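Take a look at the structure below.
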Protein chains: 2
Amino acid sequence: MKPKNESVRRQIIDAATELIIEYGVAGTSTVKVAKRINGAQSNIYSYFKSKEELISGVFLYHQSMMINAIEPVFDTTKSPQDLVADLVTELLLFADNHPASIQIISAFRAQPNLRSQLPTIADNQLLTEMFKLITRYQRDGIINQTPAEFIAEAIFSIVVNYSNAKLANESYAPKLTKEMVIQLITDFTFI
Amino acid sequence: MKPKNESVRRQIIDAATELIIEYGVAGTSTVKVAKRINGAQSNIYSYFKSKEELISGVFLYHQSMMINAIEPVFDTTKSPQDLVADLVTELLLFADNHPASIQIISAFRAQPNLRSQLPTIADNQLLTEMFKLITRYQRDGIINQTPAEFIAEAIFSIVVNYSNAKLANESYAPKLTKEMVIQLITDFTFI
């Protein structure tokens, strides 16, 4: 096996990202990725042992980017309302700056048959802490009693809708402000 | 051209539906559809003139099914709260009974580059009436002032999340009731 190189690894992830957005997970292959970066398929296998590993590598890359974007505002000494508003603000800014990451994460979440291959909340420290906090807020009667995972999915879906409306240049997109989206999310999150 | 036959047309739509769910829109072709129904590609062209026509035919088929499911409860003499709760109840029942339709509609909506090919609200009478009503409720200050299309997208996404949680057998799915989902939607729809 050739020695690994971070910039090649990144090239592979970028090419796979484009392919998944264009052709979906099923329509993406290591052959197509190799073709797009003018490399050999065998070279890809020195970074990712299989298509499955490549696909989950792409998901993890974009999920980490998103988590890194919201981590700095995750401060549990804030009021629950301020904390949720700050987290959603960062998510919307992230969606503006990294629409491909939002599309990748939502493409994976949208396919029930892929979900079992994805990392779970327990695999990530920040997500674990966030879910603990949601559960505590629910016990305290501050937020909606719907399962915490469903509330998190709902928040993420609204962010995806915001991102898609901007990307698709929907006629209502110019009237849609971040403040409106935050308000809508706050309305269903808090009791 | 051969004479058209409703049951063949339906077979083509069903095969294309399965393929889109498995391989995405980009990964679906008239060749693959023909193979799946053991027919000739030329036969498909007597029902749909191009891949584009087939794809939008599949979308319209599932969208009509969904619209037919909610139409009976769309009665504008009800209170806004009852009307929204009844519409969402029908959508959730539809999601239970026709998960493939929900997956198809959401797969199309999730791809910003496909949106311009989809029928608009103005192409459907019920959707046009629903949007008029949302606009009236907004003018009356009853519901959220976010663009009506964004509220409709939000409602649909929450229904999709409900459907995906059940399909993927998420650990929280058994605790997730229709009443919780209706409550969550009502919380952000009404002021």
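Placement of Cβ uses the backbone N, Cα and C atoms for every residue, glycine included.
A Cβ distance under 8 Å defines the sequence-distant neighbours of the DNA-binding region (B:29-48), meaning residues of its chain 6+ beyond its ends; these are 1-2, 4, 8-9, 11-12, 15-16, 18-19, 23, 54, 57. Annotation comment: TrEMBL describes B:29-48 as DNA-binding region.
Summarising model confidence by region, the domain 'HTH tetR-type' (B:6-66) averages a pLDDT of 91. Summarising the annotation, TrEMBL assigns domain 'HTH tetR-type' to B:6-66.
Per DSSP, the secondary structure of the DNA-binding region (B:29-48) breaks down as 12 helix, 0 strand, 8 coil.
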